[in-house]
Amino acid sequence: MSAGGLPQSFSTRHKRDVQKTTKYVELIIVADNREFQKQGKDVEKVKQRLAEIANYVDKFYRMLNIRVALVGLEVWSDVDKCAVTQDAFTTLHEFLDWRKLKLLPQQPHDNAQLISGVYFQGTTIGMAPIMSMCTAEQSGGIVVDHSDNPLGAAATLAHELGHNFGMNHDTPERGCGCRMTADRGGCIMTPSTGYPFPTVFSTCSKKDLVASLEKGVGMCLYNTPEVKLLYGGQKCGNGYIEEGEECDCGETEECLNPCCNAKTCTLKGDAVCAHGQCCEDCQLKPAGTPCRESSNSCDLPEFCTGTNPHCPANVYLHDGHACHNMDGYCYNGICQTHEQQCITLWGPGAKPAPGICFERVNSAGDPYGNCGKDSKGSFAKCQARDARCGKIQCQGGAYSPVIGTNAVSIDTTIHPQEGGNIRCRGTHVYLGDDMPDPGLVLAGTKCAEGMICLNRQCQNVSVFGVHKCSGKCNGRGECNNKKNCHCKAHWAPPFCDRAGFGGSVDSGPMRQAADSSAMAMGVLVTLLCLLSAGLIVCLKRKALVQILCINKKSAIQKLRYCQPMQQCFPKCVLSWIPAGFYTETSRVPRVLLKLKRISFVKIIEDRGETIMYNKWKIMCFLNLKPHKHISLHQIHKIMFFLAASYDPFKMLELFTKTLFII
C-alpha cells in the first residue's frame, strides 16, 4: 500500500457457499522496538494501541462475514527479534521467516502482522504477499504506524490483510464500485489512500475474496477461536460465547437472533442453542447433517455431531495428496497446477509452456526470469532442477494478460537444438510497492512427478509423509491435514477397519446414525417378526440334521459322504450378518445349530458352504465346535443384538436381498 497522500464416495465434492459461512482470522499483532519507543516505552500503552487497531480491523471485515479475533500481542521492548530496516521487502522477508520458525510453533494462529515505527523507503507504508492466508510461510504482512490516529494503521493493516486474502488493488480500469467517495475515504483496497481513512470494501474486493475462498485460500478460517485466547477480556455483546454465557449475538441494537437474549447473553425459552451451522430453530441438528461442504478437490466436508451447535473445524486432505487427475498435489487445502495459474494470467485456452522455457528464462536472474528474491532483495537465478518453481511460463490464451492493465506480456522465443521455435509467454505484473511478484509459480505446485515447489525449490513430495499417513486407513479412506483418516461411507474412523458411518474423528460422521430411525426400525421389527414366524414354520416342518465334515473334499462330496453317527458340527450364522462382521475374534453371540436329516435344495457356493434350505439361507463356516441347542428366544436376542449394532438401512437392504419366506 502506498501513501500517495498517505485454492467414488467423498472424492466427488461440491463447492460450499463461502459467503454464508462466517470466517475467523486468529490474528497476532507484533510491535517492533521502534514502535515501542514511539509510544513512550510504555508496554501497556503499546498493547492498548494495538488492540484498538485490531478492533477497527474487525469492524471493517464484519461486512464480509469475517471476524478478526485478536489472539495475541507481542511487544519487542528490548530488541527486534528480526531485522527491521527501511527496505520493506527485506523486512517482510525477515518477519515472515521469524513467524514461521519462532512464533507459529510457540502460539498457533492464522495470520501475523508487524506494526513498525520504521518508515520504509519511498511511499510504501505496508506490504504483504497475495493469496497467502493460512500458509505457514507467508500468512502475514508489515504495516507502518504512520498516523497519530490508530485508524490510519488499522486501514493499512486491513489493506495488507486483504492482499493475504487475494484482494487486488481497486484500479480505475477495473471499474470497482465503492459506496464511499474519495473525499470520504474511498475504499480500503485503493492503491493510495490519505485522510480521511477508508473503512469499507469495494465490489471488486468482494469478488476477489469470493474467488480466492472458492479456490481454497483461507482453509484455516472456519473454526471458532478459543475464547480463552481472545485478547481484551470477557464482555457480553462482543459476539463470542465466553465463560458464563450461553450465547452472544452482539450489542442489543444489532442482535437479530431469536434464540438469544442480547442483554444477558442467555438462551430464550426452550432454546438449546443460538449460534452455529448445526443449530436450526434454536435446536441441534441431527448427527451426520452436512454443515460445511468441500470447496475444492483438496477439501473435505464436515458434518454435525449432534452434540455441538458448531460445525467441526475445517479439515482438508494431507499435503502431498494427488489431485486434479494426478496433475497436481494438495498443499494447504489447494490443488495448485501450472495450468490453473496460466489460465488465471492468460484466460481460457492457456497452458504451461514446455520445460525448456522455464529453464532458459528463469536462469537469467532478472525481473522477467527468476526464482524470486534472496534475503538481500536481489533476483535469484533458478537452478535447472528448480526452474519450474520460478516465473510461470505459458502458451496460448488471450493476446495479453487478463488480470489487468498493470500486467505486461514478456515473450521469449527459444530455438531448441532439434530445430523449430518455441514461444514462451511470461508476465511482469506491477501491483504496487506492497505486493511481491504474483507472476511466480505458487508454492505447492507440482514441478515434476513426485516433486512439489517449496521455497522456490523443486522438492520431493515425500517430505510431507502422506503415503505413510494414508497407509493406516486400510484402503478405505484418505489422510487429512491432522494426520487422521477420513473414512468412506459405511466405515468407521479412526482406521476405517470396521463398519460405521464414515468421516473422521475431526469432521464428524458422514451419515446419520439412524436416518429416519423411527420408520427404519419399525420396518425392521416387522421383518424380524416375519423371520420369527418363518423359523417356527421351518422348525415344525423339518428337523435340522447333522452334517459331517470330511476334510479335503468338496462341498458336494462332504454332503454325499456324511454319516449320521459322526460328531462333526459346523459353526453357523445367518447369512444376513454383514460380511466381515463375524470374525474369529468377535465376541458377539454365536449361533451353533445341530443339523439333522436335512434335505439339501442346492449348494449355492462351495466356499463357506452357503446352503439354501426351505428358502432360508444359512451361512456355515466350517469351524469345528461342540454343538449347542439354541432356543427361539435366544435367536431373537441375537438378531436384535446384530440389528442394534448395525446401520438400519443397510440391514433392510440385506434382509430384502437374502431372506425368502415361504
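Using the three backbone atoms N, Cα and C, a Cβ is placed for every residue, glycine included.
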Among CYS473, CYS496, which cysteine is annotated in TrEMBL as forming a disulphide with CYS487? CYS496
According to TrEMBL, which residue among CYS260, CYS265, CYS273, CYS311 is joined to CYS291 by a disulfide bond? CYS311
Find the shortest Cα-Cα separation between CYS469 (disulfide bond) and the binding-site residues HIS159, HIS163, HIS169, and name the residue that gives it. HIS163
Which is it, of CYS311, CYS479, CYS487: the one of these disulfide-bonded residues whose Cβ has the most other Cβ atoms within 10 Å? CYS487
Filter the recorded positions HIS159, HIS163, HIS169, CYS311, CYS487 down to the ones within 10 angstroms of CYS479 (disulfide bond), Cα to Cα, kept in sequence order. CYS487
Between the Cα atoms of CYS487 (disulfide bond) and HIS169 (Zn(2+) binding site), what distance do you get, rounded to the nearest Å? 42
Select one residue from CYS291, CYS469, CYS496: among these disulfide-bonded residues, choose the one with the most other Cβ atoms within 10 Å of its Cβ. CYS291
Would you mind checking how many other C-beta atoms are within 10 angstroms of the C-beta on HIS159 (Zn(2+) binding site)? 28
Taking only the Cα atoms, work out how far CYS496 (disulfide bond) lies from HIS159 (Zn(2+) binding site), in Å, as a whole number. 45
For CYS496 (disulfide bond), the three-state class that DSSP assigns: coil
